[in-house]
Amino acid sequence: MNPNQKIITIGSICMVIGIVSLMLQIGNMISIWVSHSIQTGNQHQAEPISNTNFLTEKAVASVTLAGNSSLCPISGWAVHSKDNSIRIGSKGDVFVIREPFISCSHLECRTFFLTQGALLNDKHSNGTVKDRSPHRTLMSCPVGEAPSPYNSRFESVAWSASACHDGTSWLTIGISGPDNGAVAVLKYNGIITDTIKSWRNNILRTQESECACVNGSCFTVMTDGPSNGQASYKIFKMEKGKVVKSVELDAPNYHYEECSCYPDAGEITCVCRDNWHGSNRPWVSFNQNLEYQIGYICSGVFGDNPRPNDGTGSCGPVSPNGAYGVKGFSFKYGNGVWIGRTKSTNSRSGFEMIWDPNGWTGTDSSFSVKQDIVAITDWSGYSGSFVQHPELTGLDCIRPCFWVELIRGRPKESTIWTSGSSISFCGVNSDTVGWSWPDGAELPFTIDK
């Protein structure tokens, strides 16, 4: 075979290979196109089913938290959560916080908290003992988790706050601004729906615990005025994040701050802090039309801090050691009352739950149950109530629960910061145990040295 024949033969072979390759590519493209067309057709056919499923899930997820049931009968308190945020924050990214509280929807419980716009063990944690600053925000995370930038959801700019779920969406109330003109911003499902302006221009403030919802309406209590004298107190009724009614309490010689509110048989009961002159706790109860009654817990087992030793109570303010105070709570059961309080009478340390079977109306100091929560040698702080509705628990009653803030740092410890972790308990009618569940962090941190 001469050179020309070789060239022709090689060229012919290459041409045949090229044609075969081209045909294979065309066949492959046709196959891909047909396959894609079939898949697209299947997707188009499935879309109505997908939309139907989505709408069905939303319908199931949206309920009305009735709040018409009574509180569950209980014999003690079972531990529900502990976030250990200060211990974890010595090494991890954890927010500097105060005023944590818990609230539950019909699907989940979340911890809400007021951040300081800073992380533990960081330079911006310096000076965070201050209550009110433009850097404070209300955020939330799943209950029991340490609040960090990775698991937390922004809710509102706030140095005083409340939040609750009506069965459809979260309502948040965040107060921010100057002391002489603060404004409460109401959000429903994350959207601003209303505002409330300070009416006395003297540190408008609210609960620092959950608001209470009944039959689609939610209720909160706010204070405006002196922290050491007669102030003004209002109850607000909200629907889908908008104020629909409010009433100012006619309460001379009463002092209400940082109320802990809960629904019970279709009405709302709030147990509050008297920072003026009471070492027992004031209460206000009201129906859905905001018709209210007021009083003080009569028991000689006093619930505030500081307070005198237990003795003879009063259905008005008990004056000895009555000035100042700490946020707290109680649960009313007929004439009886579960009282949560610090173990110490003069510092925010220790915590215990006491059942006084006659304490709502009786003035003696006898009680029948005491359950230890935090030892007197460990720091506690604010405490407050929350509830779990039957729509969450499957019970036929409203389960009472409470949380305790475990404050660490300034002003009692040698740090540059103030923050806290939290624990929570829920009422049960079965076996429980008393113990101590302290914060447990070893201080100071690296930033403090």
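Here the Cβ of each residue, glycine as well, is placed from N, Cα and C on the backbone.
Here Swiss-Prot flags 11-33 as region 'Involved in apical transport and lipid raft association', drawing on sequence analysis. The annotation topological domain 'Virion surface' is assigned in Swiss-Prot to 28-449 on the grounds of sequence analysis. Residues or ranges marked as region 'Hypervariable stalk region' by Swiss-Prot on the basis of sequence analysis: 36-70. What Swiss-Prot lists as N-linked glycosylation site is Asn68, Asn126, Asn215, and the listing cites sequence analysis. According to Swiss-Prot, the substrate binding site annotation covers Arg98, Arg132, Glu257, Glu258, Arg273, Arg348, on the basis of sequence analysis. The annotation active site, proton donor/acceptor is assigned in Swiss-Prot to Asp131 on the grounds of sequence analysis. Marked as Ca(2+) binding site by Swiss-Prot: Asp274, Gly278, Asp304. Summarising the annotation, Swiss-Prot assigns active site, nucleophile to Tyr382 and lists sequence analysis as the type of evidence.
Within the same chain, residues at least 6 positions away in sequence whose Cβ sits under 8 Å from that of Arg273 (substrate binding site) are His255, Tyr256, Glu257, Glu258, Cys259, Arg281, Asp304, Gly325, Val326, Lys327, Gly328. Taking the region 'Involved in apical transport and lipid raft association' (11-33) as a whole, pLDDT averages 59 in the prediction. When the Cα atoms are compared, Arg98 (substrate binding site) and Asp131 (active site, proton donor/acceptor) turn out to be 9 Å apart.
The Cβ neighbour count for Tyr382 (active site, nucleophile), using a 10 Å radius and every protein chain shown, is 25.
Using the Cβ center of Asp274, Gly278, Asp304 for Ca(2+), the list of other same-chain residues with Cβ within 8 Å runs, in sequence order, His255, Arg273, Asn275, Trp276, His277, Ser279, Asn280, Arg281, Pro282, Tyr296, Pro317, Val318, Gly322, Gly325. Taking Cβ-Cβ distances under 8 Å and a sequence separation of 6 or more, the neighbours of Arg348 (substrate binding site) in its chain are Asn305, Val326, Thr342, Trp379, Ser380, Gly381, Ile407.
According to DSSP, Asn126 (N-linked glycosylation site) is assigned to coil rather than to any helix or strand. The secondary structure of Arg132 (substrate binding site), as reduced to three states from DSSP, is coil rather than helix or strand. Taking the C-alpha positions, the distance from Asp274 (Ca(2+) binding site) to Tyr382 (active site, nucleophile) comes to 14 Å.
Looking at Asp131, Glu258, Asp304, the recorded positions in this record, the fewest other C-beta atoms within 10 angstroms of the C-beta turn up around Asp131. Of all residue pairs in Arg98, Arg132, Glu257, Glu258, Arg273, Arg348, the annotated binders of substrate, the farthest apart have Cα atoms separated by 20 Å.
The binding-site residues listed here are Arg98, Arg132; among them, Arg98 has the most other Cβ atoms within 10 Å of its own Cβ. Between the alpha carbons (Cα) of Gly278 (Ca(2+) binding site) and Asn68 (N-linked glycosylation site) lies a span of roughly 32 Å. Taking CA atoms as the reference points, Tyr382 (active site, nucleophile) and the residue listed as 'active site, proton donor/acceptor' are 14 Å apart. DSSP assigns the residue listed as 'active site, nucleophile' to coil in the three-state reduction, outside any helix or strand.
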